[in-house]
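Engineer: Can you keep this structure in mind? I'll have questions shortly.
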2 protein chains.
Amino acid sequence: MSTAPTHEADVVIVGAGISGLIAARTVLAAGLTPVVLEADDRVGGRILTQDALPGLPVELGAQWIGDTHHRMFALAAELGVPTYPQYDDGETSYDLAGSGVLRQSEFHSRFAGELAELEKVFRLLDELAAEVPPEAPWLAPAAAEWDSVTAGAWYDGQGLSPVARTLLEICTVGILAVPTVEVSFLHLLFTIQTCGVTSELFAESEGGAQTTRFVGGTGEIPRRLADLVAEHLVLQAPVQLIEHGADQVTVTCRGGLVARGRRVIVTLSPTLAGRIMYDPPLPGVRDQLTQRLPNASAMKAFFIYDEPFWRADGLNGQLISDVGPARMSNDTCLPGDDHGVILLFLEGEQARTYGRLPHDERRAALTAELVRHFGDKAARPECYVDGEWADRQWTRGCYNANCGPLVWTTFGQALAAPIGAIHWAGTDTATQWSAYMEGAVEAGERAARAVIAELT
Amino acid sequence: MSTAPTHEADVVIVGAGISGLIAARTVLAAGLTPVVLEADDRVGGRILTQDALPGLPVELGAQWIGDTHHRMFALAAELGVPTYPQYDDGETSYDLAGSGVLRQSEFHSRFAGELAELEKVFRLLDELAAEVPPEAPWLAPAAAEWDSVTAGAWYDGQGLSPVARTLLEICTVGILAVPTVEVSFLHLLFTIQTCGVTSELFAESEGGAQTTRFVGGTGEIPRRLADLVAEHLVLQAPVQLIEHGADQVTVTCRGGLVARGRRVIVTLSPTLAGRIMYDPPLPGVRDQLTQRLPNASAMKAFFIYDEPFWRADGLNGQLISDVGPARMSNDTCLPGDDHGVILLFLEGEQARTYGRLPHDERRAALTAELVRHFGDKAARPECYVDGEWADRQWTRGCYNANCGPLVWTTFGQALAAPIGAIHWAGTDTATQWSAYMEGAVEAGERAARAVIAELT
């Protein structure tokens, strides 16, 4: 181990996802020297663009930005990554609460009352979320009450019809990637508030969080960011130990690599940040927080066809269903490419159940669901790719961390507060679009600015 | 680091709490060689006996055993540690739901109806818990339903009076050490079932879990166990990495110490076990489980007086209150010693709130509560000692790990199931008296037997 190199820097940054790379760039721009230690053999963290076929990349991780993701739009422009709109022509296919497969128009007319119920709940959620300070959810006037009940129990108390309750669950699990009984209602309201309003969060078109994609794949963002800090980046350097003093940190990786600096910014998800050994040890409140912020359970599966055959049938490639292994899907064809690409989301319970099945069984179950909604052509994809995140050693779950009851009100103050020379970033510590790429940028910038202010 | 020693053994055991020490002893008795790696500078884990005054030990951690803790009684006898009964003469002092301070006789007559409500709930809990297989709670007939609701929400649904609901919360938090809205109802039923019935769990006298103490302190148990395996025990060896193959493990500690063996038994609490780096990495289901089993929040505070003055007033030194920083207390005087010792429990919310206060403020708040219940003499202790567990780097919370909604049904199967050469122990993996010393013995023996069967 004595042969492993030692890196000297002003700021050691743990993790080369967007938050870490943004922090490195910001530190560098201030005339300080960063070193970024990434455990994996690649940058990007929860962004993972992978070729399904040559020249046909799919996004196993973060994929979209939305209209209010101003930091990400600016970043893409700066990095020279063009964007394009998510395809959204045609009808969604539904199968909910025993309805059988119905086109959107028919579903909407048959369940107009149920959809109105849902709208009413969304308005109420917006009203309540507006009372939650995103930088301090524990200060919401009703924080204690909202943090003592699960989102699922609160939903159950709204007197909704089965169709409305099911739709509400699907919408919410599509964001949180865990069943709503696993998170506190305050956490749900926090999530809504950091994103603006429910229409931003849940809508897929006209101002939602998933309107826009990146030419060449989302992976272009971290790749180009990494190019800007390339000489300060070390891959395959899993951090095991952070020794810290008032103005000095020593960060030791598996294999013996050591980085020394004056500050460290840890950008890992809270649960992974909690696995690092700290010397001196961190206060109990911080430690118990990281025991209580589990990463969610999400998985994406892509079917590639020779053409987007559903479009000719007037369908937009989206399904919303409570029947099969995927509750939602998307048309994720590439511009200038003839292939048809359908993305199926497995989130929460589905990610867990089907994620543990053998690959072929999972694929077969997903295929059957596609055929039910889009017809027999769906049975003959040219290729199939899926990606699970809980198995990935340096991520251990997507999309983000969620709080169960009483975590925000009891431990929330330890989420982003620096501890001596240690600062925290990563999208889970953001106050705008937490859990999104937008939040990763915000958090990386915030932590970098705080460190720069201390060091310059 | 090349100068650090390498230990060769058949079985590497991580953690020198009761579970690890029992496993080591069992392995040794089978003719195999163990090596126990303990991060701390002492054995015992969540047992911590400390002298408050010379010759007057108090228990900052595990303290009692109960009549059905057969393994612990046998172990104490074998190790030559005598036991003695918990003092329980006199009346408990109550102050609940605005009642003001009342002696037990008065409280019982004034709130007879409320106590009857509570008894009815206990009987119902016993009935439901009997349907939960302790080795596989997810197989309970109503597991999905019970795991989707918090224990707190289930309690709220029982239509109880404020006094009964408050008492129920205090009883339960006294076991789980977290508010009942943080745990799933299935987890509560599992806890009851692994202990027998609610009367075993909640009762302090006549057959409960806290009837019997150890002469010289609970610490005598791990100390004498450690003596039996002394030459196989390494202290101050925090495990950072477990490399594992079909029949080979290499365990690396901070500082470079390496232990090699054919099997490893990890006896840490699940959350701490999840912080070790494993190579190859563990499956997602195991990893996400360890993200979802936070250690609870408990703290004990001891007031030592020149005599147990409350006894002369007909009081047993117990209080049950929803007013102050401690919801319960105990007379924990030592046999053959004249001092009066009162133990105050801070559990769940109280441990968090008061545990973060400066020492003197916490002591003052606890003193005021004692004075209210036991009179002015309580204001003048000879000495005060308290102990918090979340701050302790190698424990990070007591008494045990609790599951929120859907953890048991979705991830529970990964709790104790070996993964190749890696076996799991620790009281949180036990099926009888999980979370108690009794469970630690069971789990240590179970893991050791499994390893012995594989190696001999």
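Here the Cβ of each residue, glycine as well, is placed from N, Cα and C on the backbone.
These came from TrEMBL, pasted as-is:
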type	residues	note
BINDING	A:S19, A:E38, A:A39, A:V239	FAD binding site
BINDING	A:F345	substrate binding site
DOMAIN	A:18-452	domain 'Amine oxidase'
Engineer: Would you work out the biggest C-alpha to C-alpha distance among A:S19, A:E38, A:A39, A:V239, the residues that bind FAD according to the record, and give it in angstrom as a whole number?
Structural biologist: 17
Engineer: Compared by Cα position, which of the binding-site residues A:S19, A:E38, A:A39, A:V239 is the closest one to the residue listed as 'substrate binding site'?
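Structural biologist: Spatially nearest to the residue listed as 'substrate binding site' by Cα position is A:S19.
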Engineer: Mind looking up the mean pLDDT for the domain 'Amine oxidase' (A:18-452) in the predicted model?
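Structural biologist: The average pLDDT of the model in the domain 'Amine oxidase' (A:18-452) works out to 96.
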Engineer: Name the residues of the same chain, 6+ apart in sequence, whose Cβ is under 8 Å from the Cβ of A:V239 (FAD binding site)?
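Structural biologist: The answer is A:V14, A:L37, A:A39, A:V251, A:T252, A:C253, A:I276.
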Engineer: Around the C-beta of A:E38 (FAD binding site), how many further C-beta atoms are within 10 angstroms, looking at every protein chain?
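Structural biologist: Around A:E38 (FAD binding site), other Cβ atoms within 10 Å: 27.
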Engineer: Between A:S19, A:F345, which of the binding-site residues has the fewest other CB atoms within 10 angstroms in the structure shown?
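Structural biologist: Among the binding-site residues A:S19, A:F345, the lowest count of other Cβ atoms within 10 Å belongs to A:F345.
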Engineer: Tell me, how many other CB atoms lie within 10 A of the CB of A:A39 (FAD binding site), whichever protein chain they belong to?
Structural biologist: 22
Engineer: Quick check: which same-chain residues outside A:S19, A:E38, A:A39, A:V239 lie with their CB within 8 A of the centre of the FAD site CB atoms?
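Structural biologist: Once A:S19, A:E38, A:A39, A:V239 are set aside, the remaining close residues are A:I13, A:V14, A:G15, A:A16, A:G17, A:G20, A:V36, A:L37, A:D40, A:G45, A:A237, A:P238, A:T267, A:L268, A:W394.
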